[in-house]
Structure formats: C-alpha cells, structure tokens
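Q: I grabbed these lines from TrEMBL:
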DOMAIN    83-149  domain 'Helicase-associated'
DOMAIN    158-218  domain 'Helicase-associated'
DOMAIN    226-289  domain 'Helicase-associated'
DOMAIN    296-356  domain 'Helicase-associated'
DOMAIN    367-425  domain 'Helicase-associated'
DOMAIN    435-496  domain 'Helicase-associated'
DOMAIN    506-567  domain 'Helicase-associated'
DOMAIN    576-628  domain 'Helicase-associated'
DOMAIN    648-711  domain 'Helicase-associated'
REGION    26-52  region 'Disordered'
SIGNAL    1-16  signal peptide
Amino acid sequence: MASALPLLLQLGLTAAFQPGSVDTILSDDRQQTSHYSSPTRMMIPQRGSHNNHRLSIYQRSATASDETEDSLIDEEKQVSSQYDWDEQFEILQSFKEEYGHCNFPQNNAPAVELENQYPTLAKFCQDQRGESKKKLSSPQRRRLEELGFEFNSQCALWYDTYHQLIQYRNDNGHLRVRSKENSKLYRWIRTQCSKRKGTKGYSKISNAQIELLDNIGFEWDPKSEHDESWMKTYKELVDFRNKHGHLLVESDAKLALWMNKQRWRCAGNSSWYSPLSDEQIGLLNEIEFPWQPERHDLKWHAKYKELEGFQKEYGHCRPSTIQDRPLYEWSNAQRKKRHKGSLSTQRIQMLDKINFSWESKRGNRANMLAELNSYYNQHGHLQVSEDEYPGLYEWTRLQRKRYHGIIEKQPMPDKQIDEMEAVNFCWSLDWKEWVWHEKYTEAAEFYKEHSHVRVQEKENPSLYNWIATQGKRYEGTKGQKPLSDDELELLEQIDFAFFEKQPPMSWNTMYAKLERYREENDGQFPTHQDDPELNRWMRQQRKRLRCEYGYVALLDEQKSMLESIEFPMLPIGKHRRVWYEKYDELVEFREQHGHFLVDRTGNPDLYEWVSKQRTTYTGRTPPTYRPLFISEQYLLDRIGFPWTSDRHEVEWQMMYKELVQFQQEHGHMQVTIVEYPALYAWISFQRDRYKKLDLSSMPQHQIEQLNKIGFRWRAIDEVNVE
C-alpha cells in the first residue's frame, strides 16, 4: 500500500492539472478540510459551473489511511496556501463581474443559488475580514482594496441584505416586499429610501450602493403596503375630530397608539418605522394633528385659567419669574409651540381672547419701546395716561421700579437703561420730578441756542418763572425746597447767574470718585448694578459729549480728563453702540467733506447706514427694523442731516470732482469730446442750464462751486464768434 502511494499521488497530481478531469466534488463547504473540524474529509475548492477553475494539488483518495491523510494536510498547508488564496481571489473577481461588487454575503445565510455557485467564497471573505486579515501580505491587501473589497464586517451587512433582495426578486418577479412576508427586508428597503432622501437621523447612502440598487430596478419612492390601512385609521381619526371637536384621544386607546406611531415616523427617531410621506404629513396637518401634544390636557386648561386670572388682576398676560415662575415658563412654552407650528388653532384662539402676547420678552420690549417712542412723537412728553394707554402705562411703571431695584433683586442692566433713555425716558417715581426734568431740558436747549439762560418773561413766562424758582431754591429762600444733589449737578452744566458766587464743583467730585473706583477695581468702570449713582453720571457724560437733547456739551478740559482714563464714550448695548459708532463716523465725514453725500463704492457701510436712517425716519421700515429713536433723530437734526436724498445731486458732485481732477492734471478745463465724451457733455449741459437762468434747474450752490474753480459759462468758440 505504501509502495502504491507515490504512483497515486503522481496520478492525482497529473489529473489535477487537466481541465474537466474531475466530474464531481463535495459541495458541502462544511467538509472542507482546510477550514473545518473533520480530519478525514477534504473538499477540493470549486467554482460551480466555471470549468476553468484550477483544482487543488491534492485529491482525496478513498483508500488512503488516516496517517497518510494527515501528512497530506500538513504538506498542503506548507506548499499550497498561497496558491489557494490566489485561487479564491480569482473566484471573487468572477463574482464581481456578475454582481457588480465583491462583498459576498456572509453574516446571513446566502441565497441557495449563490451557495451552490460559490461554495467556498463566504468562508474566504470571512477570513479576510476576521483575524486572518492581520496575516495578509501588503500585495494581497492592496489587490483586495483595488477590487473594492469591504473589510468592515458591519458595512458588509448591507450587501447581505442586498442579495436577499435579489433572491426575493428572482423568486417573486418584483421588489414589492410586504412586511408580513419579510419584516426585516421591508424595513431595510424603507431605510434605503430615507437615506437617499437625506431624512433626518439617517446617514447618506453611497453612490455605489445607489447604482447597485438601480441595476436591479429598485423603486426609490415605493407605495406602502400599509397605505390602505393607514387611510382607514386616518378616517377614524377624522371622524373622532368631527364628533368631539378635538384630537385629545385617551392615552390607552388604539387610536392614541396610532397617533404616537405617526409622531415617531415623522421625527425619524426609530428605525422600526418608515418615515411618513409628504402626502401623509399634509393630510395630518389638514386636521391640525398635534405633533407635540400636552400629556395632560386638563393641566393645559388649568394653566390657562391661571393666566386668565392673572390677566384680570394685572391687565396683561406677561407674568414675571418673581410673580409666578411656573406660569411664566408655561407662557413661554406656548410661544415656542406656536413658533414651531405645533400649537392647535383652538388653543391659539383661546389665548388671543385674553390678549396673550405672542412676542418673546425681548421682542415685546422692542415693541413697547417703539410704542413709547411713538407716544412721545404724538404728545411731546412721556406722561402716559393710565386710562387711554393702560398697557404702556403699566410697562413704564414696571421699568422705573426695575431701575430703582424695587421689584427685582438685580437692578436693570445698562443696555436696557440706554435703550430707555434713547426715548428721553425719566426715571423719577414722582410726577413732580418729571415736570422738573422737562423744564430743565427746555432750559438746556435754550442755553445751547443762546449760550445763556437769561429768558425774557414776555417770550416764555413759564420757563422764566422756573429759572427764578431754581435761584430761590439754591439760595435757600424760606418756603422753597432745597435743590437735590442730582438737580444741582444738572444745573451746574448751565451758566446760571447764581453760580457766580461759588464755582461748580460737582463734576470734579464725581470725576474723582470715578478715578478711585477704577483704582480699587483693576481699571474697571462701574455698572448700574455696581454703583447706580456713578453709573448714571457716566451716562450723562456720554450724552454731553455729543450734546444730546437736554444735555450741555462738555468743556474741552473735561473731555481731556475723561480721555486720560480711557472713559467709554459708547453705550454698552451692541445695537446702540453700533449706531453711535456710525453717527460719529458721519460727523467726521461731514467735517472733512462739508456734505453728507457718502459714496456707495468708497464707503458702502456708511452709505447703507445713512440710507437706513432715512428709511426709518420716513416710516417705511421693514418688520425687522426698529423705529428711529427721538434722541437719534435729534442728533442727526443737530448736524443738519438731510432726510431726503437727491440722486441727481450725488451724480452732479461726482462729475464735478472729475472736472476738478481734470483741471489739476491739465491746468485748464478745455475738455475734448473725443477723449472725455461724458465730461464734455456734462460741461455743455451746465452751460445750457446757466443760460436759462432757471435757478430751480440749477441750484445756487452748484453755481458757486463752479465759479470757485474758474469755470467758463461760455465755450471758447462762442466767445470767438462774438
């Protein structure tokens, strides 16, 4: 037996290299000796119908002993391992040529046809992804990567299900999988559609995978098998709404479970349910489907009753955190739900009945500021009537209490203080102090215009008497209330006669106090929360710097002292700070050029800002624009800002600059039509306008500008003719 073994091996080896010499092989891959546990059975790898498949160098002999078989296995491992890998790689190439990819299904049981056609490929692919991939040589790994092999076993799961879909098509002739038949495959199909649409919660599908699905006739917008069932339940929900007038279904009802399922499908938070179609979402929106409902409707109505009682007591529906924090948070939740479109029309109508404010706290504040600004423009003061404007009256009272720290632990922020003072708001709680500030403002404006406060009794008897009363209060006349420190500080800004006996010292005192504060706080300036009195003085200096309404300009010495300590001359709030920055830039532009004709190309930011001021002044403001505050309008009026823009004037000034530049370069203004056609035509037009002597068509300032550069109003040829 031993002597016949070499002959058998020789015959077997010879047959192994003869194509088609082996008729049958063991198809069960569990019998493969190199990968499975049976030591007595060995399978020659085969490619099914592929006749060109190269057989293993050994063939199992039915008469060989166990000892001989073990020695053959050892020799096979040592001699032919590289040959077997190349062989399987060629099989993998053939698989890709047929199916368009090289990721043979391995995690799930492959289709019967695939298993029969490629009996050894599943194990080969599994080995490349498993521990054996660490033993791969660099050339082997590179060949697999170039072929498009997926080493990640999780990614390979996709191809497993893909081949299940192919098998389903081969068995049924279509790809319309029903969940009752194969729920896993049904969900997988829906997931691919969501991935391609980019539905929230799903990662994008690759282009290669899309192409593979397209090749087998995949439907990217399939009809759901549950469409009929879905419509049936939807009609039940519609009937429920028509009967009860709402969609507050009991939590344990079957219909409530269906409603929750639609919410999950719409949110895309669950891989167990396919996303809702746009048509289904539209149908649910038509009946005002509650996408984010209250868990307990009774709780909502209870809070509504609380808010209704609050409105009757306070006259508004904006509870603060101090008054009622739970009601405050509930009110904010209703605003957010309406903004997202998840609050039902019925609840919106109920809240509208009690004048519920849908604006956020920040948006409501901007609206109230705009309303206060309009009130001042209409009445000339801010003594809001409680009977005519109860909401605005209550709001102004609330701001004064916040400023003085009466109703809140923390005083009002500096940003909000600047916004209120932009409409000339008075913080005094006593109406008599309001009257005093109004008269002081009138006296300050008189001083800025005449440089004194010697008002004639006949011209303005009210202001005359007020000034005389302040003198008596300063001198301590019997029966007169002494001036407060705040009033005395404001009066020192104006050159009252009664200050001649004693020079004003309040400004220097406050300045010294500010210096001490900075030294004690690492150079920081106080906020209203830190030191209300010193912070108020700082705001006054900012207003005096620009000579705002009711404030006299700072002295040059005072400006220098403030600059020496790097005093912040701009408000803290972003929007107010930007406005003052642009205003100061416009003032500098006017001082430099003598006009307000900002060039769009030269300074686009300032040009847009100037245009915006004109738009807000005329009232043609978009919803996102706030109105122009009184103080801002006053500052622009002080520098002679034109509220209407003349496009022709701008164009005229541009051509005038071009003429001046031509004169500087050539030393004359004899422009030729060939070299400068536009400038030549403009010059001719100016001469025609001047000949008509129509000042309405040619303003005087334009004539003066041309005369200033020696412009000839008649052409040279006209002079020669004469």
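Keep in mind that glycine also has a Cβ here, set from the backbone N, Cα and C atoms.
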Q: Against the domain 'Helicase-associated' (83-149), which of these stretches has the most C-beta pairs under 8 Å: 158-218, 506-567, 576-628, 648-711?
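A: Selected stretch: 158-218, with the most Cβ pairs under 8 Å.
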Q: How about the domain 'Helicase-associated' (506-567) and the domain 'Helicase-associated' (296-356): at least 3 CB pairs under 8 Å, pairs 6 or more apart in sequence, or not?
A: no
Q: Over the domain 'Helicase-associated' (367-425), what is the model's mean pLDDT?
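A: It averages 79.
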Q: Could you break down the residues of the domain 'Helicase-associated' (83-149) into DSSP helix, strand and coil, giving a count for each?
A: 47 helix, 0 strand, 20 coil
Q: With helix taken as DSSP H, G or I, strand as E or B and everything else coil, how many residues of the domain 'Helicase-associated' (296-356) land in each class?
A: 47 helix, 0 strand, 14 coil
Q: With DSSP as the yardstick, break the domain 'Helicase-associated' (648-711) down into helix, strand and coil residue counts.
A: 43 helix, 0 strand, 21 coil
Q: If you run through the domain 'Helicase-associated' (435-496) with DSSP, how many residues end up as helix, strand and coil?
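A: Within the domain 'Helicase-associated' (435-496) the tally stands at 38 helix, 0 strand, 24 coil.
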